[in-house]
Amino acid sequence: MRPSQNAKDINEFNRFYNQPVEDQESFFLPSINNPNNNQLLYADCGQQTRFSALKHNQYCYVESSTGNSSELVSDSPPVDTFFADDNSMMHQGSDSCPSDMHHSPNDTYHSSGNSSCFTSDGTGLKHKLKELETAMLGPDSESLESYNTTPLAAANQISSESGKWVDMMEMMPNGDLKQVLIACAKAIADNNLVTAEWLMSELRTVVSVCGSPIQRLGAYMLEGLVARLASSGSSIYKSLRCKEPTSVELMSYMHLLYEICPYFKFGYLSANGAIVDAMKEENTIHIIDFQISQGSQWITLIHALAARPGGPPRIRITGIDDSTSAYARGGGIEIVGRRLSSIAASCNVPFEFHPVAASCSDVEIEHLKVRRGEPLAVNFALVLHHMPDESVGTQNHRDRLLRMVKSLSPKIVTLVEQESNTNTVQFFPRFLETLNYYLSIFESIDVALPRDHKQRINVEQHCLAREIVNIIACEGAERVERHELLERWRSRFLMAGFNPYPLSSSVNATIKTLLENYYQSYTLDERNGALYLGWMNRDLVASCAWK
């Protein structure tokens with residue numbers, strides 16, 4: 001990992017204000033919600049990792065151990081497991097955990113595992129499915145013969161499914177892990193459980209959290225498929241806690257992702273730049289942040305405003321965050337206020353912090369303490385996609401929040417969201433969208449960290465796996481990761497009465513300078529007053545502003 005870029009980021013942000021600043025704080029990503037739950041899904045123990053499925057809960061979990069060995073194992077807990085020891089999902093192939101740091105993005109769309117892992121021999125289908133059925137449902141469950149009413153009919157169905165599987169594998173590119181994942185999701189979408197279970201048994205021999213990008217992503221995608229069949233996706237999403245790491249450890253994973261990939265840094269700096277531009281003539285500023293997390297976004301803003309010609313304005317921040325984020329912070333939202341107050345005092349910036357410990361869906365105007373005549377900025381950074389809309393239920397909090405904010409007459413509203421379409425899309429196209437979107441993110445991590453880096457597995461498990469499983473396995477109100485493309489967000493803002501606030505050229509220049517520190521495959525595009533950050537021409541994060 002290269003040295004921290006904090007000081008460089010701040011200097012770039014402030015070069016338009018003609019005064020250097022010095023930053024001694026660390027940056028952290030927004031926290032993951034981790035409600036108190038005694039059932040641990042993921043356990044962090046460094047390099048060794050295994051997947052299992054608890055029979056009584058019917059969902060998978062990643063468990064790691066603190067050993068120094070890079071060999072992956074499948075050490076089952078003392079209950080029936082979905083993944084048998086001799087056929088571990090975390091199968092360690094001869095090339096699944098190379099130690100080289102950089103890998104060509106062009107080589108990451110196909111599994112680096114042995115292509116012979118995908119077998120087209122259908123003779124053992126019934127036996128394997130029976131093993132799979134027993135592991136998932138227990139020895140007393142109904143047998144596969146229940147698919148039809150007679151043993152002969154069941155045998156015919158097995159034979160038919162076996163023939164379909166042989167034909168399917170012959171049509172696929174040899175050993176193409178991405179295509180097999182797609183075929184498995186299609187089988188589930190078509191309610192073809194025999195084929196789906198067989199494909200899952202094949203997939204778990206080649207996916208690996210220490211392999212190529214598609215192998216690593218495939219491990220979490222497969223976990224989502226298993227959870228979907230077991231209806232346990234919501235439990236996984238709520239239980240993902242990583243063996244009770246301390247707040248410092250959890251934030252270090254987020255910080256590492258923040259440093260190696262520019263997505264969050266891009267969003268924060270572009271939003272801050274828009275706020276500074278809109279408030280350049282104001283002596284007081286009230287910022288409402290609808291997901292304050294650790295408050296890291298506002299460190300560069302405080303420093304930039306401290307360097308403003310003529311002196312800094314008085315800053316008041318209303319930070320909104322529910323109680324589950326206390327786990328990542330190591331305490332309540334007041335910790336954020338004390339941290340930001342200390343930074344502001346060191347910069348001689350008048351500062352006030354107002355905490356609102358509540359879910360965004362529950363926020364009302366009276367919580368925000370807006371003062372008459374006070375210039376207002378509102379920040380929606382990677383939060384609105386968690387709000388349910390009209391597709392989920394009768395309460396459309398997504399649009400309600402926008403209308404409520406508009407009624408406050410803010411000078412500027414900033415929006416940062418992932419450029420992905422998973423909100424109202426049906427399961428199979430949503431699976432395809434998730435696969436392609438997160439494959440780009442896993443590829444970008446691949447060029448920044450070696451595959452055997454002891455913290456890379458932690459970063460992907462703690463910061464990415466949780467939302468992947470939720471998108472694939474959950475439906476209705478239980479699916480809280482509901483991304484929309486910027487064009488859909490644009491329609492929502494326009495319907496709420498907002499007008500676009502184009503980002504300034506100085507903000508665009510800052511982001512372009514930022515990207516010079518990263519791999520050349522990152523792209524930056526400006527369209528219709530918004531900025532899009534992408535990987536190999538796939539848009540991943542969009543940033544825009546409104547008034």
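Each Cβ is built from the backbone N, Cα and C atoms, and glycine gets one as well.
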Per TrEMBL, the range holding motif 'VHIID', considering 80-84, 135-139, 220-224, 285-289: 285-289
DSSP helix/strand/coil residue counts for the motif 'VHIID' (285-289): 0 helix, 5 strand, 0 coil
Outside the motif 'VHIID' (285-289), six or more residues from its ends: residues with CB under 8 Å to it: 275, 279, 295, 297-298, 301, 305, 313-320, 368, 370-371, 374-379, 381, 405
For the region 'Leucine repeat II (LRII)' (335-367), sequence-distant contacts whose Cβ falls under 8 Å of one of its Cβ atoms, 6 or more beyond its ends: 21, 25, 290-295, 298-299, 302-303, 305-306, 312-323, 329, 383, 386-388, 395, 397, 401, 404, 407-408
Residue distribution over DSSP helix, strand and coil in the region 'Leucine repeat II (LRII)' (335-367): 18 helix, 6 strand, 9 coil
